[in-house]
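Each remark here refers to the structure printed beneath this line.
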Amino acid sequence: MPEGHTLHRLARLHQRRFAGAPVSVSSPQGRFADSASALNGRVLRRASAWGKHLFHHYVGGPVVHVHLGLYGTFTEWARPTDGWLPEPAGQVRMRMVGAEFGTDLRGPTVCESIDDGEVADVVARLGPDPLRSDANPSSAWSRITKSRRPIGALLMDQTVIAGVGNVYRNELLFRHRIDPQRPGRGIGEPEFDAAWNDLVSLMKVGLRRGKIIVVRPEHDHGLPSYLPDRPRTYVYRRAGEPCRVCGGVIRTALLEGRNVFWCPVCQT
């Protein structure tokens with residue numbers, strides 16, 4: 001599932017390509033047809049993201065709410081200069097076409113037209129988003145410090161922190177030497193503050209670069225991060241391999257239905 005930085009990149013891209021002008025909206029698949037018809041020809045006011053949720057705000061009130069889930073994708077394309085649009089390929093839930101660019105949405109968990117009040121309801125269920133300037137980490141800390149749930153599970157709970165997925169979860173805990181099974185109430189406030197600030201920095205890098213980069217230079221053999229063979233993670237999907245820091249064996253287990261990865265030597 002795409003993590004939060006991906007949705008913020010999409011919001012920035014769609015803001016740049018479509019905002020401020022009328023947009024043609026359709027639903028070749030048909031499942032979004034009624035809403036698409038009501039949106040067609042409206043001006044996109046802005047695009048925004050909160051965690052793993054994308055919002056397209058149109059002049060006049062309607063907001064398209066998208067959650068990609070496990071399988072959703074946007075395919076971006078440049079509008080041909082001859083005026084002919086490409087035929088939709090596959091099950092396109094929503095197609096947006098602007099003056100110079102188009103995008104096709106396939107396979108989302110959610111694609112719906114809602115109003116501002118319903119947007120507020122969605123956001124009210126979410127924790128702070130590290131990529132938003134209005135993020136309030138104290139609300140996440142207040143939930144974590146009272147919880148007996150493992151910190152590895154709490155980080156994936158979108159009501160605690162919005163936008164963190166399995167890669168950032170595993171890598172953040174490794175970088176701060178925290179066992180994913182440790183109860184939330186066993187996390188000290190200085191540990192939380194350091195991890196939050198690190199998460200903000202890591203996700204900003206992901207937003208800027210378009211990929212998750214978490215390995216520190218001292219563990220990366222001095223290679224620049226754009227090399228194709230660069231080690232991209234410390235523990236994620238590295239079960240049975242040696243730890244990049246201590247040489248111990250990376251372990252994996254299920255934690256509330258999701259795979260968690262950690263180094264039993266480095267993380268306590």
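Here, residue 1 is simply the first one shown, and the rest follow in order.
Every residue, even glycine, has its Cβ placed from backbone N, Cα and C.
Sequence annotations record features per position, and here Swiss-Prot assigns active site, schiff-base intermediate with DNA to Pro2 based on similarity to another entry. Residues annotated as active site, proton donor in Swiss-Prot: Glu3, Lys52, Arg258. Look at Swiss-Prot and you will find Arg125, Asn166 tagged as DNA binding site, backed by similarity to another entry. Residues annotated as zinc finger in Swiss-Prot: 234-268.
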**Asked** Across all protein chains in the structure, which of the recorded positions Lys52, Arg125, Arg258 has the highest Cβ count within 10 Å?
**Response** Lys52
**Request:** List, in sequence order, those active-site residues among Glu3, Lys52, Arg258 whose Cα sits within 10 Å of the Cα of Asn166 (DNA binding site).
**Result:** Glu3, Arg258
**Distant-in-sequence neighbours of the zinc finger (234-268), which means Cβ under 8 A and at least six residues beyond its ends** = 150, 152-153, 156, 166-167, 169-171, 173-175, 177-181, 214-215, 219
**Asked** Of Lys52, Arg125, Arg258, which recorded positions come within 10 Å of Glu3 (active site, proton donor), going by C-alpha to C-alpha distance?
**Response** Lys52
**Message:** Between C-alpha atoms, which of these recorded positions comes nearest to Lys52 (active site, proton donor): Pro2, Arg125, Arg258?
**Reply:** Pro2
**Asked** About how far apart, in whole Å, are the alpha carbons (Cα) of Arg258 (active site, proton donor) and Pro2 (active site, schiff-base intermediate with DNA)?
**Response** 15
**Item:** In the chain carrying the residue listed as 'active site, schiff-base intermediate with DNA', residues 6 or more apart in sequence that have Cβ under 8 angstroms from it
**Value:** Lys52, Leu68, Gly72, Gly165
**Fill in**
Averaging the pLDDT values of the zinc finger (234-268) gives 96
